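*Asks:* Here you go, one structure.
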There are 2 protein chains.
Amino acid sequence: MMRTHTCGELRSSDIGKDVTIAGWIRFSRDHGGVLFFDVADTYGITQAVYDPESITADGYAELGDILKTFSRESVIKVVGTVRNRVPGTEDCRNNTGEVEVLIKTAELLNSSKPLPFEVAEQKGSMLPSEDLRLKYRYLDLRRHVMAENLRFRHSVVTSLRTALNSRGFTEIETPMLVRSTPEGARDFIVPSRTSPGDFYALPQSPQMYKQMLMVGGMDRYFQLARCFRDEDSRSDRQPEFTQIDMEMSFVDMSDIQETIEFMLSEMWKNVYGEELKTPFPRVSFYDAMHKYGTDAPDIRYGLELHDVTEIVRNANYEIFKRILSKNGKVECVNVKAEYTKGGSEEGGVGRNEVDRLIEWAKSQGMGGLTWMRMTPEGLQSNIVKYFSDDVKDALVAEMDAKDGDLLLYLAGSEIAALKAGGELRRKLAADLGLLEGKPHQFVWLVDCPLFQKDSATGQIEAFHHMFVCPENMDLSGEITDIRGLSYDLVLDGSEIGSGSMRCHDPEVQHRILEMIGMSEEKIQDEFGFFIEALSFGAPPHGGIALGVDRLISLLLGCESIRDVIAFPKNKKFQSLVDGAPASVEEEKLSELQLLSLAGEDFDDSDFEE
Amino acid sequence: MMRTHTCGELRSSDIGKDVTIAGWIRFSRDHGGVLFFDVADTYGITQAVYDPESITADGYAELGDILKTFSRESVIKVVGTVRNRVPGTEDCRNNTGEVEVLIKTAELLNSSKPLPFEVAEQKGSMLPSEDLRLKYRYLDLRRHVMAENLRFRHSVVTSLRTALNSRGFTEIETPMLVRSTPEGARDFIVPSRTSPGDFYALPQSPQMYKQMLMVGGMDRYFQLARCFRDEDSRSDRQPEFTQIDMEMSFVDMSDIQETIEFMLSEMWKNVYGEELKTPFPRVSFYDAMHKYGTDAPDIRYGLELHDVTEIVRNANYEIFKRILSKNGKVECVNVKAEYTKGGSEEGGVGRNEVDRLIEWAKSQGMGGLTWMRMTPEGLQSNIVKYFSDDVKDALVAEMDAKDGDLLLYLAGSEIAALKAGGELRRKLAADLGLLEGKPHQFVWLVDCPLFQKDSATGQIEAFHHMFVCPENMDLSGEITDIRGLSYDLVLDGSEIGSGSMRCHDPEVQHRILEMIGMSEEKIQDEFGFFIEALSFGAPPHGGIALGVDRLISLLLGCESIRDVIAFPKNKKFQSLVDGAPASVEEEKLSELQLLSLAGEDFDDSDFEE
């Protein structure tokens, strides 16, 4: 028997029991010949004591000599008796803190080399660099918070599965070795040995497979699906990630939204023991962009953007005039006085803070940022002289400005002003601590366009992806006015999922591919099999996929999704724990009839026959 | 509202209700102007009737004209009233067979082209070729049996997960883009764009990652893990497959076996409503080979092999003498008379059948097969004259031969005779119908060697894999005598899982890698990171992985694992539904700094600068 109890189990009700525990020596100290060991496993920490004052049996002295040689993080098995700790030495932060195990015998199960960093969590201890944590990920996982992250993830995923099971969904595994199809991002490809010169791709999502499952009548599908995107590494992306992917037939948008709300609220009950308020608020794409300056709005605080372009059009302020003459816009945010209580003497966002905001706005590519403060005498600032009383009154009315409020103005092209406004909201909310204690908030983003124009090339592309069903199956009219039946799920200002009704009509699907500029040859080559599938009686269907890594990291408040993934890649897409990617033997490449050109000066002699 | 009920829901208790159903027109017929539609979805089939004798409303005649144009497998939505079927026309094989829906209005949701094969299951209908089924997999999935296979798989997997959850296991996702490491089979590799010339591999199993999770203290891990092996396609393999993979710390073999028995018996209760008898029988590797002629014994029937070499050594039979002179063995199987009741006049395995077995034995690479039949006068056959009474008596005693029993002898090298004996058992069991009505039987294969010698090269290799812990951590003595702490799980004569205690001592692990012939450089390069992980206090640990595809297909009695996979590859590892693998654009390869040499005569001009 390796253990009778884990290191998190013993309580004062166990006093007097003979027990066996096993774990890592997280900490040890010699207190005048009495040896104390913190024996840790993932469930907790139990104090084991070698106490020659309590035990005088033959060989006990020798045991003490041996125990002293055990290094930290070595694995030990202890047989002993549970007893009370000496009064005054209890550790009330620890569930096992009232008791200790008096060591009778102990055995070293494995020793540990000195660690590259500290595993025990101690007050004020700094985390090692992330590269070191990733290289020795298994040691990082011994830290309680990391293990808890993975267990939290498991309990969330389990709850999501249980909820979908209760609604009659079938989890179905779709293939990982698929056909390469452009779906927005770059594919990872896998050379085929049995068909040299051909390649599989790793799926960016199971999109076409789940749609074919609907054509096949599977009705309600879900999957915890691993997906792969070889994107240029942005802030917090992984080349492989997990989504909870689902699809339903014979439904409309609201059925799918309700299902997701049900799934998440069931999870909420299980994980937090609380009700999640449903239905989630719906925000249209237009409102999201115009009120929140983003397609992933955080509605947990105010600071909404107001388009004051028409109000300030007649002001005599040169900067605005110049921007408005180029069809620009002026967006205004009201930093309410109550947001800034307890801040600087001027009410939280004082002159210095405003100056810093101006610098920040420049760093965002804006010309700057203009401000006015509401006082009992009306709006005040260094530029109010350029604004007539009428304009000022209209601004006060539009922004509902009260005494102490600070109005911030961003001016520029519409998209630049809105985007900067969105960033300004985020920054202010963080700086002013507006999110402290705020519960999580899900929002549906709806009424998105089906297409968008690439700003650089003018090329029409799918706003989400090419499988979204147009509203009323109607593709007529101005192309950028066509709406798609889509719904993104946003949590706390981050998009965590994207869903839509799908195009189940093969002709409409074909037309969409044409509209995004695909040649007939390309359509047939890459999507021919899929359009054919739709032609054999595809039911109306739709679905959604939620990013699990992102969802979990938002719920846990982690800085990075890497903290909720057991073995993540770093920003260069390297796995530091095993050294992947790595070189492979020439033989392997030649079996695949591939030649690597990387890192070599080209040498013709390699190709002599 | 797309539907108020699925096509499997309506019962006579619903008579009189106004309902909406939607599904595929699986079948339709015109019965004198009354139109009958079998409206099918994955839940069932409901009869919908267009009946101008019951409804005479305006426009109903036109509806009939429209309905007549709907092709089979088109998707239809029907609004109508539930009513009794005409007495005598009920369909008692169908849950909805007592009722029908009188169509008030109907809408075509999508039309279907003519199908490449029949979806409706009809008596005596032949399945189309598997290639056609795989190309139109979504249509194949409309067949009830295929959809049921996937749902059965889901319910088994759900039960396995639930059982492990109840034991405190955490499901943890391990990476799919890993380091290429030789683990028996050939890796699929994935070129890295960010590190040109380097490659990820797709995991053959999460082996080292789950072991690192144990080093990290995660204690009880499991995962439904997708694994990849680029093996030369044998009978029923897929390049990607799923295993339920688990690992535990601070346990011994019996703890893991008990956990698996618990998991499977919990599943059994949920899926079959029956108790599964545990513990499963243990069969040693030695007994498996010597009694059953295989390392995956099917113990549901007798026909055990008996080594009668010593008994027949003194017989005067030339063939045996020749084989024994070369250190060969003679194996005997008793085909008991009761196995063959109702067979031919000679008791089931008559002269013709024996002749066919002789031919079969030759096809297995044996010289032939020798037989004797037990009669009231003793053993009889064309060769008994070469056997003395003593020898015959000894054979009768060893084989417990009773009147009517048939003794079959295979002679050859030990391994050939045992292997052919194993195949003979399988063949006889199938031919004689010995498995009919037999419940499924799990068996643990234990006491396997740690190493084996490759018969061709004489090279020492791992019997299972290089991470198995040797018995007593002892690597001394004759190398092929060392046993590993391993346990394979066998179901009905097929291996479905392989487990072991792992080597948690870094030095023993290193020594094993040396013993299988790896150079120090190779060890450091490919396993250095892993051995280092073991050196930071790896706990004693072990685990197992069960092949989910194989488990499900055995439970369902499917001929191929392809029948329990939504989108399988064919034997050439092609995905016929989407055409993977396929060529990729040159641009893609050049981004990866790869050059494909496949299918092209080499042309130097491509490389001009």
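Using N, Cα and C of the backbone, Cβ positions are placed for all residues, glycine too.
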*Asks:* Of the residue ranges A:155-158, A:207-210, A:263-266, A:479-482, which one carries the region 'Aspartate' annotation in TrEMBL?
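*Replies:* The listed stretch tagged region 'Aspartate' in TrEMBL is A:207-210.
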*Asks:* According to TrEMBL, A:Arg229, A:Asp230, A:Glu231, A:Glu495, A:Gly547, A:Val548, A:Asp549, A:Arg550 bind ATP; which of A:Gln238, A:Gln509 is also listed for that site?
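*Replies:* Among A:Gln238, A:Gln509, only A:Gln238 appears alongside A:Arg229, A:Asp230, A:Glu231, A:Glu495, A:Gly547, A:Val548, A:Asp549, A:Arg550 as ATP-binding in TrEMBL.
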*Asks:* Please identify, from the recorded positions A:His31, A:Arg229, A:His464, A:Arg502, A:Arg550, the residue with the sparsest Cβ neighbourhood, meaning fewest other Cβ atoms within 10 angstroms.
*Replies:* A:His31
*Asks:* Over the domain 'Aminoacyl-transfer RNA synthetases class-II family profile' (A:150-568), what does the predicted model average in pLDDT?
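*Replies:* Here the predicted model's pLDDT, averaged over the domain 'Aminoacyl-transfer RNA synthetases class-II family profile' (A:150-568), is 94.
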*Asks:* Using a Cβ-Cβ cut-off under 8 angstroms and a sequence gap of six or more, which residues of the chain neighbour A:Glu231 (ATP binding site)?
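*Replies:* Set apart from A:Glu231 (ATP binding site) by at least 6 residues yet with Cβ under 8 Å, we have A:Ala185, A:Arg186, A:Arg237, A:Pro239.
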*Asks:* Relative to the Cα of A:Gly88 (site 'Important for tRNA non-discrimination'), which of the binding-site residues A:Arg229, A:Glu495, A:Arg550 has the closest Cα?
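*Replies:* Answer for the nearest of the binding-site residues: A:Arg550.
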*Asks:* I need the CA-to-CA distance for A:Arg550 (ATP binding site) versus A:Arg502 (L-aspartate binding site), whole Å please.
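*Replies:* Rounded to a whole number, the Cα-Cα distance is 24 Å.
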*Asks:* In angstrom units, rounded to an integer, how far apart are the Cα atoms of A:Val548 (ATP binding site) and A:Arg229 (L-aspartate binding site)?
*Replies:* 15
*Asks:* Is A:Gly88 (site 'Important for tRNA non-discrimination') helix, strand or coil when read with DSSP?
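*Replies:* SS state of A:Gly88 (site 'Important for tRNA non-discrimination') = coil.
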*Asks:* Counting only residues 6+ away in sequence within the same chain, which have a CB under 8 Å from the CB of A:Glu495 (ATP binding site)?
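*Replies:* Residues satisfying the criterion: A:Asp295, A:Ala296, A:Leu445, A:Asp488, A:Leu489.
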*Asks:* Can you check what DSSP calls A:Arg550 (ATP binding site), collapsed to helix, strand or coil?
*Replies:* helix
